[in-house]
Amino acid sequence: MKRFNYGFFHLVLFLISLLLLGSGICMDPFSYDQSLKSECLMEPPQTTANTGGEGVKELKINENGGIRNVVEGVDLREGNIYITSAWVKLRNESQRKVGMTFSEKNGRNVFGGEVMAKRGCWSLLKGGITADFSGPIDIFFESDGLAGLEISVQNVRMQRFHKTQWRLQQDQVIEKIRKNKVRFQMSFKNKSALEGSVISIEQIKPSFLLGCAMNYRILESDSYREWFVSRFRLTSFTNEMKWYATEAVRGQENYKIADSMMQLAEENAILVKGHTVLWDDKYWQPNWVKTITDPEDLKNVTLNRMNSVMKRYKGRLIGWDVMNENVHFNYFENMLGGNASAIVYSLASKLDPDIPLFLNEFNTVEYDKDRVVSPVNVVKKMQEIVSFPGNNNIKGGIGAQGHFAPVQPNLAYMRYALDTLGSLSFPVWLTEVDMFKCPDQVKYMEDILREAYSHPAVKAIILYGGPEVSGFDKLTLADKDFKNTQAGDLIDKLLQEWKQEPVEIPIQHHEHNDEEGGRIIGFSPEISLLHGHYRVTVTNPSMKNLSTRFSVEVTKESGHLQEVQLVIDA
């Protein structure tokens, strides 16, 4: 591997090595002041920390003939998580992706993240690696194949986390992004009603939902239904709403199975995200669609499909995967033109304007080697869709499927990916989370699910799993007798942990009169509650007739401390 040979490089390398190995200072991976933004700055922020060296030299990299190294010989420790950040800009191109790669001495390269860099201003490149070995690595920056590209890099930082430190940071973020401090203020007619009164708080519906996919087998098994409805309040159907399932023969629609599953969900207050209005992969079209060669004919049947399925379920879904996997594939673009996806989303928004319309892809958060669907490329595709004329008010969404390999997940890369996907400010969902069976499947799945839950951009998770009878062979949550597997125990644990337990709190005694002097005001202690809908009941053991019930929603928008006022007619 070629190295810089100009004189100042060795001094800069020494200073940056001190910075990386000594200070541990970097862009905080759990601070979202900048990580969810995509502004390009005229000057990168400068650290005020004592780093032991300048650490802010501008490294000018000509990506030509392999001259791209920035830092050599950084020692990693197996099991630790390393977050790396840098500010980058281009000097001879207007816009180009710039990526960060970690190179091991055995020749293996691990992609750490990338950013869409621009000429003349600085973009934050944030990524990292979860070490599955101990030993030295080199860090280098590169672009997407343009020889002679000139890249400037400043403020390279790396921070190491032990797993326990990472988990602690996750828990602290969860307190900020998933919970609010709440204080109840109650107005009573008389003091005797105030004294001894108790507030009972019961969560009816959490804002964040951990759901699970279902398939047609749930209609054939009472035990599967009972198992499912006792746990989950969010689902999507694996195949039953897809075009090949509802119109296997041209002109002969059959929604019987999808309708029955929809009825089951609605009867049990289970929310449904619609999965796949259209699929951009030719392989998964109905067989009769594959034979169509006339673009006008394909356009007509496509419009019929969209009108049929979206009107049928309008008002009954909480979102739609509109053009499934349209970063990996381009069947409709090849047949109908390059703007096919944008036009489809435009039509979908007119058919159902009140729900988010998702771009749903695989390998974006779970597999760093599939650069076709890198987070930057997914964001670019969504930007193309919403920037199409007339699409600026579309309610967009990003679906990251999350089919993880049976190895230690790269949580540093996953966090970078979620940061990037979240930069559009659309809701991000993990939509099909599973993992092939392996000895550490439960441990790895817990790492993945907690990583998603602790990220502010992620609004929901749907598992691709179920009991053995359901046929989900990767993430099996219960055996043939519906006894939990270890993976099932994990999911039950998280469902319980991410749901607010019922709680009772007293009304504090330091009451005072209101401004008119006609009522007595009491306050509850502050309490931390998960976001969601609650049933709040005020009772007094000494007053049998006092039992007043209220509905309260705890939301992020209410600020750090949410004041809830209740008027008690006693």
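The first residue you see is number 1, and the count goes up from there.
In case you wondered, yes, glycine gets a Cβ from its N, Cα and C as well.
Taken from Swiss-Prot as is:
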type	residues	note
SIGNAL	1-24	signal peptide
CARBOHYD	N92	N-linked glycosylation site
CARBOHYD	N190	N-linked glycosylation site
DOMAIN	195-494	domain 'GH10'
CARBOHYD	N300	N-linked glycosylation site
ACT_SITE	E325	active site, proton donor
CARBOHYD	N339	N-linked glycosylation site
ACT_SITE	E432	active site, nucleophile
CARBOHYD	N545	N-linked glycosylation site
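Location within the structure of each feature annotated in Swiss-Prot.
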residue	record	contacts (Cβ under 8 Å, 6+ apart)
N92	N-linked glycosylation site	R119, G148, L149, E150
N300	N-linked glycosylation site	none
E325	active site, proton donor	W279, D280, D281, N360, E361, F362
N339	N-linked glycosylation site	E333, F388
E432	active site, nucleophile	A213, F362, Q401, G402, H403, I462, Y464
Integer Å distance between the CA atoms belonging to N545 (N-linked glycosylation site) and N190 (N-linked glycosylation site): 14
Largest tally of Cβ atoms lying within 10 Å of a Cβ, found at which of the glycosylation sites N190, N545: N190
Three-state secondary structure, which DSSP defines for N300 (N-linked glycosylation site): helix
Helix, strand or coil at N339 (N-linked glycosylation site) [DSSP, three-state]: coil
